[in-house]
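J.: What follows is a structure written as structure tokens; I'll ask about it next.
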């Protein structure tokens, strides 16, 4: 019942926040301008930008330039952190390969971690690299999504200004929301301090080091920005990062809030601020139905437990790798949310999930469109929508069109490329991991689960998720460089292609939609969309899943 109430709260808050995002995205005057306008003007002056409208190519150029600059500075800081201030625990510099991986990970909103924050980062890099990139990577994804929606919905004749979009989103959304979440987490017991690690003497007389630091400020944006990287190596399974039952719900809801709101924002941009277009509601329904299906699947297999243990007379569900304060139910919920919304934070160890329970987060990342991350999740779903409309139109002998814009050969080539990037990166690099000498030495499990570890690592990297089957010994040159490359390619190639798709569509003459066109405003469309998503991904990844989690499940029952 608590999960049902939680999901109802998610839907209601998404509806409310989407109205606020409408005002932010379209520069609608509001009473709070008196607070935020001076801050934004100061930022524009500091970075020396003029608020001129950009073309699609200019927008993407500045998006890539801004990200490249942030990545370069972050990379340097990680290489010299031991010689800088705010390093009370005297942590050393990261190696070149690890610094590259960390930079690529947080720059792309992935937050894959091949390090433990308490031993491999100073407080300076935790704040000025990790937390900073959590804000800017989330804002970058939001900005390109809003630029895409502006042109797609015909709300404006221009794509907007990249620097204005990220500034308004950070100042008006991320910072205020993150501040509220931080204060709540502090009230629950999450530390926020610049003091060094605490050394205590236990009851048995042994000295123990307790790692803490500026955690609450990182935890809030970690979830709100669908980032996922933890201050500590064990992430949100630790009592400091996620102290209570209520903090667990707050962190889960934070992950879902903005991606869910963006779908309704799309509907408001198609209609009015106070009304949501039925097409966006049908997209939300499709996403939500798939989310519920995967959640129920994960819950079922985790509560079913391990058949090998059952044969030994040990009954009960699968509690391995889970915190007793959360149990199986909240662990499965968190697992499904963190991979559906491509956050990557964990409150339990995914490597300890049952084979088919662990396949749920893997498949959600393979789909990469069940809500997804900040901005890019909706962009990915719109690619599936266009594919569905195109195929359905051809099946009934109609000219493929979307929102009154014809989908022709040029657009379909770009759509196909955008769709293929994700599976190609996963499958090619997974194959390389078994071919390159020494790469498979990182595997800690033989047979099917070893395949699952490799597949999960590259799926997580390509989906900009960041969670992992952490039995993999991944802090090696091969794994640092290969996953770093995957994260960068999977982030930037689809975004560029998706902006090109929309730019191509809006340059066409729009026409009045007819009743003979494929209907996109009813539950039938939602059903067909779900079927196409499952079929396309199933045909792509099923052979690999047979070699991994499905094979492992069959082995348990052998």
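Using N, Cα and C of the backbone, Cβ positions are placed for all residues, glycine too.
Remember, it's a predicted structure, so these values are computed and weren't measured experimentally.
Copying in the features that Swiss-Prot gives for the protein in this structure:
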- 1-21: transmembrane segment (TRANSMEM)
- 60-80: transmembrane segment (TRANSMEM)
- 129-149: transmembrane segment (TRANSMEM)
- 169-189: transmembrane segment (TRANSMEM)
- 246-266: transmembrane segment (TRANSMEM)
- 281-301: transmembrane segment (TRANSMEM)
- 326-346: transmembrane segment (TRANSMEM)
- 353-373: transmembrane segment (TRANSMEM)
- 376-396: transmembrane segment (TRANSMEM)
- 415-435: transmembrane segment (TRANSMEM)
- 485-505: transmembrane segment (TRANSMEM)
- 523-543: transmembrane segment (TRANSMEM)
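Can you tell me where each of these features sits in the structure?
T.: Note on the transmembrane segment (129-149): residues 25, 56, 59-60, 63, 66-67, 70, 74, 77-78, 102-103, 106-109, 111, 117, 121, 155, 159-160, 162, 165-166, 169-170, 174-175, 178, 214, 217-218, 221-222, 224-227, 229, 258, 262, 265-266, 269, 373-376, 378-379, 382, 495, 498-499, 502 of its chain, located 6 or more positions outside it, place their CB under 8 angstroms from a CB of the stretch.
Here the transmembrane segment (169-189) has Cβ contacts under 8 Å with residues 20-21, 24, 32, 36, 39-40, 43, 135-136, 138-139, 142-143, 216-217, 219-221, 223-225, 239-240, 243-244, 246-247, 250-251, 254, 257-258 of the same chain, all six or more residues outside its ends.
Non-local neighbours of the transmembrane segment (326-346) in the same chain are 3, 6, 110-112, 222-223, 226-230, 235-237, 245, 248, 251-252, 255-256, 259, 291, 294-295, 298-299, 302-303, 317-319, 353, 357, 360-362, 364-365, 368, 370-373, 377, 460, 463-467; each lies 6+ residues outside the stretch with a CB under 8 Å from one of its CB atoms.
Using a Cβ-Cβ cut-off under 8 Å and counting only residues 6 or more beyond its ends in the same chain, the transmembrane segment (376-396) has close neighbours at 109, 141, 144-145, 148-149, 152, 259, 262-263, 266, 283, 287, 341-342, 368-370, 402, 407, 411-412, 415, 418-419, 464, 491, 494-495, 498, 501, 517-518, 520, 525, 528-529, 532-533, 536.
Sequence-distant contacts of the transmembrane segment (485-505), counting only residues of its own chain at least 6 positions beyond either end whose CB sits under 8 Å from a CB of the stretch, comprise 56, 59-60, 63-64, 67, 104-105, 107-110, 112, 144, 147-148, 151-152, 159, 376, 379-380, 382-383, 386, 402, 405, 407, 410-411, 414-415, 417-418, 421-422, 425-426, 429, 458, 461-464.
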J.: Taking 60-80, 281-301, 353-373, 415-435, 523-543 as candidates, which has the most Cβ pairs under 8 Å with the transmembrane segment (1-21)?
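T.: Stretch with the highest Cβ contact count: 281-301.
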J.: Could you name the stretch, out of 60-80, 281-301, 353-373, with the greatest number of CB pairs under 8 A to the transmembrane segment (523-543)?
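T.: That would be 281-301.
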J.: Using a Cβ-Cβ cut-off of under 8 Å, list the residues of the same chain that are 6+ residues beyond the ends of the transmembrane segment (281-301) and lie near it.
T.: 3, 7, 11, 260, 263-264, 266-267, 318, 328-329, 332-333, 335-336, 340, 353-357, 360-361, 363-364, 367, 369-371, 381, 385, 520-523, 525-527, 529-530, 533
